[in-house]
Amino acid sequence: MWLGDYSLLNLLGIFLQATFIQNILLSTFLGMCSYLACSSRLSTANGLGMSVALVLTITGSINWLVHYFITKPGALAWLSPALANIDLSFLELIMFIVVIAAFTQILELLLERFSRNLYLALGIFLPLIAVNCAILGGVLFGITRNYPFLPMVVFSLGSGCGWWLAIVLFATIREKLAYSDVPQHLRGTGISFITTGLMAMAFMGLTGIDISKPTTSKPAFVMNIATDSPQPNTHSSSEEPKAS
């Protein structure tokens, strides 16, 4: 339940997969609004990236607990056997969003108290983290892949770090583009989308590499043999003598 068939090496594979190979921004293009709006300065992009990574990691872990102990069909059986047939999965999406919004509000209060400059730099985009589709998408991806708890935490952290990496790289490029001779009709949004597309193509070169599969589980053919009914042995070395 907590680690499943995943080893520590598999956890590293999940992190690298979520960060580079299946980057949540450059492979699924989730969270593009704040990515484009808050990447004009590297310091602002770095602060927003750290915030998204933190929110995604914490809310991914909390929402895993919500899924497996509250909303999953039969999840309430730990309270009472009489509740085993209750299915609250229709509330799952709403509860996920509530958890994300609540933690985002906590983060906003902390930044306002301890990092006033970053709080003012992010502006309206800080509370909009609550509806950042990259965070909800990362949570849903982890839930639908049926990760145990620790792999879910690592996947959420990797997805958040991948989004952070993408916006920091993009902000670095945009600062260079400010001093470049960009054609007039491509300035602004045009060159931003072209740059993002080129970054996505670079990360797409890692497509096909899968290093996140568990390696401690039994091979499928062993389980099949164990579950199949025994077959008669037609190649026995000793045969019954035929009746004369």
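From the backbone N, Cα and C atoms, a Cβ is placed for every residue, glycine too.
Source: prediction; values computed, not measured.
Per Swiss-Prot, transmembrane segment is recorded for 11-31, 50-70, 90-110, 123-143, 153-173, 191-211, and the stated evidence type is sequence analysis.
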Does the transmembrane segment (50-70) come near the transmembrane segment (191-211), with 3+ Cβ pairs under 8 Å (pairs 6 or more apart)? no
Near the transmembrane segment (90-110) in space but 6 or more residues beyond its ends, with Cβ under 8 Å, are 51, 54-55, 58-59, 62-63, 66-67, 70-71, 119, 126-127, 129-131, 135-136, 139-140
